[in-house]
């Protein structure tokens, strides 16, 4: 990742290699790290303002746009094919038009340009601009770029194309210098297995080709780019303040005794859990319990105060499929995202606040601006992949009403219990012994990994919890259970034996031993509805 020196080309252009955000620091030697912040602090631009940043790469996996825009700099993405060919006539014209228009409106400001290495595509476009706008000769433009960005353009076909377009092909310069690209390469990614250097074994065992909500929701796709995925996983880990790899969300525990602190209560939906990171417009990502990453397309979160999209915001939520009547009175399935907690809102770590503050933030900053935009016609609900709502919580005095038909029949999805959220506690990562979940005895369950052994008619299903070498329990492996061998299944305990409920397609690991013991204790010493209300 070594880099040749960089100076300004004609006092206007600052060419450089692709910087990497700090999430890659653990894979890069300290002296070779190069962050977006380093571009703005570079000696060549000191005392000047970088007003326009042009990214010529085809991917957005290297750094976050906000790292550029936070400096008051305009970011523009101009993905070029690169490698196989020089920029096309159309691509070159778009670059020249963009820069020329910018310099007219912002004289004296710097234009920062990068491709992967900052030599060929970057040099070609800068040289073309100097010829077209500044009326330089093509050889002067090429040599000036090489002087300020040694070794300059080092692909002979790029030089040939420049002379073909703007000079005499017979006068074409020859490449005389090659940068030391072995040490320069911004990032080396093994392509045979798709694994990332430094990734743990658990990551490499993650399921491939997972579907968001088992494919029931349109417009949501799996992020398959390993670098992009790792960068996003690192981002939400950072926002949560988690020290462990894997899904960083809070995990409630089963209610075993009467809570002794102020709580609010909500229903527990039988849906799928996702943390959602609102990076920017058209960059909204969902993370499931396996920490798999999905891109949600077509969803909008307008800012309450400013005419822009919300950025850098992390919420906790669950996805459900509501069965509702459409405008013609027909029953239809409506995907709905229920947001029930928030970790980070833009530059504010709201997760450290009490729950009542976090709950107000969800309503005021996320839901109400969306509702206003819908009313004004700026958001078309019918064009979005899902509805978005805040999941309501109430004071504990309202708990009995959650069991009444007036409530349960008006909820368009299955309810399988309650969630008790402490009012006076911050959001924490991992297992929380104070955020409680209650299920009726008939719904209490444990997620096991089932391993089938034996032959018909004496199949036995061995039920394993996480990191266990021995099964916690066994169950009869009926024909219904056979397709789930070595998969994660949800089981309940009835009449002294374990009973299969469903496959957990959203999880690749079973419950931990501690969680399983807590749930089992609630099964054999159940707290029923009447006890809970009392």
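Cβ coordinates come from backbone N, Cα and C, glycine included.
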Original post:
Out of 257, 261, 289, 304, which does TrEMBL tie to the same GTP site as 273, 316, 317, 318, 437, 438, 439, 502, 503, 504, 505, 506, 507?
Top reply: 289
**OP:** List, in sequence order, those recorded positions among 115, 316, 438, 502, 504, 506 whose Cα sits within 10 Å of the Cα of residue 268 (active site, N6-GMP-lysine intermediate).
**Re:** 438
Original post:
What's the longest C-alpha separation between any two of 273, 289, 316, 317, 318, 437, 438, 439, 502, 503, 504, 505, 506, 507, the listed GTP-binding residues, in angstrom?
Top reply: 24
Original post:
Where does residue 273 (GTP binding site) sit in the DSSP three-state scheme?
Top reply: strand
Original post:
So what pLDDT does the domain 'Tyrosine specific protein phosphatases' (93-160) average out to?
Top reply: 94
**OP:** List the helix, strand and coil residue totals of the domain 'Tyrosine specific protein phosphatases' (93-160) as derived from DSSP.
**Re:** 42 helix, 5 strand, 21 coil
Subject >> Local backbone state of residue 504 (GTP binding site), from DSSP in three classes >> reply: coil
